[in-house]
Amino acid sequence: MNCKWNPVWFETYPDRLSERTGELPAVDVFMTTADPELEPPVVTVNTVLSLLALDYPAGKLACYVSDDGCSPLTCYALREAAAFARLWVPFCRKHGVAVRAPFVYFSSGAEPRMADQEFFREWTFIKDEYEKLLGRIENAEEISLVQSDHELADFFGADRMNHPTIIKILWDNSKSKTGEGFPSLIYVSREKSHKFHHHFKAGAMNVLTRVSAVLTNAPIMLNMDCDMFANNPQVILHAMCLLLGFDDEVHSGFVQAPQMSYKALQDDPFGNQAEVKYKKLGCGFAGLQGIKYNGTNCFHRRKVIYGMPPNCTTLVKPRRTKGSSRSPSWEELQVKLGNQKELIESTRSIISGDMLAVPIVDLSSRVEVAKEVSACRYEASTCWGQEIGWVYGSMYEDILTGQRIHAAGWKSAAMNTSPPAFLGSAPTGGPGSLTQYKRWATGLFEILMSRNNPILLSICKRLQLRQCLAYLVLDVWPLRAPFELCYSLLGPYCLLANHSFLPKYSEPGFSILLALFLTYNLYNFMEYMDCRLSARACSCNGNGSTDEADKRRFTFDSSPVFIPPAALAILNAVAIAVGAWRVVAGAVEDKRGGPGVGEFVCCCWLVLCFWPFVTGLGGKGSYGIPWNVKLKAGLLVAAFVNFCR
């Protein structure tokens, strides 16, 4: 109730900024990828091309790609994409292309009309060039690239977890005489060593922050995942309406856009869209201290990432001297940020608050400086990962970083655009979905058990009480698991042991439980209807009747995460069978307080909740639960049944 009490929905009008391009600040776009097999270079290329073609001054936009996989294929694909962008970006701007990811544009199925022969010739030419680009990327081999391409010689002998920094300036917009063309494109593969922890995505984001600071130093930063392409070409203008539109910048420390999936399955059987969660909880967060940071599709103020509190011009607490706050000294910044001269100078420029002061430099001349600030040793004895940058200490670094920003006194804004700002891919099967949930649960539990939990931030810092309660709704989610497991075992236990824990249907207490059950589920159903979703989306259990029925089916592998739900599905089915046999055989003894309707309803409800696992018990191939998982789940069920005897 606290989260949903006063939802806020912002309306933006980007057309009002079309004549004020000179007043717009520069933007650095950060995109992260880590594995060329799980995140193919073709996907990364399409995301990059959609960003390079956005409706924003090319001279004020730079795109940085962090490759934690240190893949020459990814670097090669981006270099080829930069060449194709010279054709793609002018084509999009000339013809007002709505969706500027080529794979979406050319897979829409609608070819241009022959009436406009000039456009048809251009469209055909661009499509042919795009298909050639795909062919070069898909046919490229890593070993031959490293051996034959001298520009990729830096990758020779590089190990994914142990290699020096590799930075490639694939396109430098500052060298363009007119400043037109398309934005700068920089490839970054940070140094890794077995002697230093790389801190996963948070570490990559901090490296990109420092590298961009010594190259382009834009006051606004957009962070993206490689599989989330820009679906709205005016997305940056929409964000600027919120970043620049408030009377006080404290209300927009960062601007968060929702995560939505491209070509999502009908009725969202895997719950990837989280549409209800965003519209109800997300907009409810926005009515408090602000929406939470989701780790992608987010616009940040660089000075906020640097740990600056609102309405302040210093990274450190000012001394008790007469007058207002002062600029930090060189020594103070050196302690916080490290001893790199160019990084400290760029930080002082950001702290001064000048949103338009972006130095024009030859990016190639700063590559060695950028390599210095991306070294593994650079963060030693500094505040990176603690008070500055993305916060370390959890697999869920985005929640941790967002909490730190809100605890500093900043607020955040939710951006809702039509069409959606960004679209991407999502797990489409059991292994991917459950692995994602496991990662979230682990990260949230780490946050709750750390010194950065919302309760301490509310007591010791500036996190508001209601925002603290809203964060706790998320952070305590993993703690629900043991209690939910116990409740899910109560029904089967009662049916197997011939006991009862719920009132009989003839007792007054039964009507109270029934009313609570119906009210809760009716409320959830009404939320889905209010979001204009279907009843099937509310259940997430149907197989569907569309042509994509196979895609909607749950898939399995031999992962241990499937053992508990498979065991619960088997256990509840067995309990229902045993309970039904007792009823038919007249074996239920009322004097012992045997199970009633409530226990049967609980078990039947759990079978419905775990229906994909019930069908998976008899499925084949990837749609069936592997025999080793069935065996382990069966042993757990047998042990529980023996316990109930």
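Cβ atoms here come from the backbone N, Cα and C positions, even for glycine.
As given in TrEMBL:
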| type | residues | note |
| --- | --- | --- |
| BINDING | E39, D68 | UDP-alpha-D-glucose binding site |
| ACT_SITE | D68 | active site |
| BINDING | K201, D225 | Mn(2+) binding site |
| ACT_SITE | D398 | active site |
| TRANSMEM | 561-584 | transmembrane segment |
| TRANSMEM | 596-614 | transmembrane segment |
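Taking the features listed in TrEMBL, we show where each one sits on the structure.
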residue	record	Cβ contacts under 8 Å, 6 or more apart
E39	UDP-alpha-D-glucose binding site	T33, C226, D227
D68	UDP-alpha-D-glucose binding site	T32, T33, A34, D35, R160, S189, R190, K192, H198, A204
K201	Mn(2+) binding site	T32, A34, G295, W390, E397
D225	Mn(2+) binding site	M31, T32, G295, T296, G424
D398	active site	K292, Y293, N294, G295, T296
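D68 (UDP-alpha-D-glucose binding site) falls outside any helix or strand according to DSSP and counts as coil. Counting residues 6+ beyond its ends, the transmembrane segment (561-584) has Cβ neighbours under 8 Å at 430, 434-435, 438, 485, 488-489, 491-493, 495-496, 498, 594-595, 599-600, 603-604, 606-607, 610, 613-614, 616-617, 625, 629-630, 632-634, 636-637, 640-641 in the same chain.
Mapped onto three states, the DSSP output places D398 (active site) in helix. Secondary structure from DSSP puts K201 (Mn(2+) binding site) in a helix.
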